[in-house]
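Read through the structure below, which is laid out as structure tokens, and then see the notes.
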Amino acid sequence: MTTTYKSIALRGVAAGAIAGVASALVQLLVTEIPIRAALAVEEAREPAGDGHGHAHGGEGELVSRGAQVVGGMLGVVVVGIAVGLVFATAYALSKRWFVDRTPFSRSTAFGLAVFGAVALLPWLKYPANPPAVGDPETVNHRTALYLGVVVAGLVIVWGASRLASRLTAQSQPVRVTAVLLAVVAAVAVVLLAFPAPPDTIPADMPVTVLWQFRLSSLAQLATLYVGIGVVFGLLVDPATRRAKADAPVAVG
Amino acid sequence: MTSPAAGLSAVRVPKWAFAVSLLGLIVTYLVLQENGLALGASSELLHEFFHDGRHALGVPCH
């Protein structure tokens, strides 16, 4: 029964692990292709002598290339589990979030909102970059900006749920339109208020590799966050257990 | 059976749940974001091991 916090938290961990594995598979099969291409660009730079002591995969490295691929996938699974746990807690705490819906649609909508706030919004403002892009000198500055956008995104989601619950007296079309307008306006403010990405894209990085990487990264983020919402919804919804016999849970 | 959401909205969240969630956020930070702010030089190994995952999940990297 999903009536104690502990059982909900364990389902969050399971959902995070499953979505994390799916996302790690997307990484292995999709994202690693442009990463390899970007590393080749970086290696082509090495003889030029500008060794800032942070090359990937060359000799004398802390971690070999193979270990980076495995470690990267492992990292995605670990992040999935950690996020799944936080997701489950937020779900258990949310007294306003579509409380009239089924647990499955609540969880899926929650997953989509989290994806929008902590993945899509930062991706729009500070698009994902492959290796060989990015100055090590600015990494802390870029991290602060990135986390700022993540926090702003979460505040927008929280504000949207507050606004929606404030407007329950209105008809549904009025409520939905008002909340959507408010979200679009808030997103526009965040995109305009935060400064442009501090680093420029090096001229030797092919545009095709850059975009293949960015789209792969977005697909992987969607697999992780929307995946957590969908799998967690399947695990907590009593309707899933009743229908289990004729519809085995498929995740991919 | 009553409304499926009814049982869930009644879940009591204990105080230790916040500690568990904080742990989840710290783990996420260490895997994705730590670039020397918290752990100093030893973060390099962590960074390099999770390197591909960081790039793939779109967080700022060097």
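Cβ coordinates come from backbone N, Cα and C, glycine included.
Nobody curates TrEMBL annotations by hand; they come from automatic prediction.
Copied over from TrEMBL:
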type: TRANSMEM; residues: A:12-30; note: transmembrane segment
type: TRANSMEM; residues: A:69-92; note: transmembrane segment
type: TRANSMEM; residues: A:104-124; note: transmembrane segment
type: TRANSMEM; residues: A:144-164; note: transmembrane segment
type: TRANSMEM; residues: A:176-197; note: transmembrane segment
type: TRANSMEM; residues: A:217-236; note: transmembrane segment
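Residues 5, 8-9, 11-21, 23-24, 27-28, 32, 63, 106-107, 110-111, 114, 220, 224-225, 228-229, 232, 236 of the same chain, all 6+ positions outside the transmembrane segment (A:69-92), place their C-beta atoms under 8 angstroms from a C-beta of that stretch. Using the rule of three or more Cβ pairs under 8 Å, pairs at least 6 apart in sequence, the transmembrane segment (A:217-236) is not in contact with the transmembrane segment (A:144-164). The largest share of C-beta pairs under 8 angstroms with the transmembrane segment (A:104-124) comes from A:144-164, of the ranges A:12-30, A:144-164, A:176-197. Within its own chain, the transmembrane segment (A:176-197) has Cβ neighbours under 8 Å at 121, 124-127, 142, 145, 148-149, 152-153, 156, 159-160, 163-164, 167, 170, counting only residues six or more beyond its boundaries.
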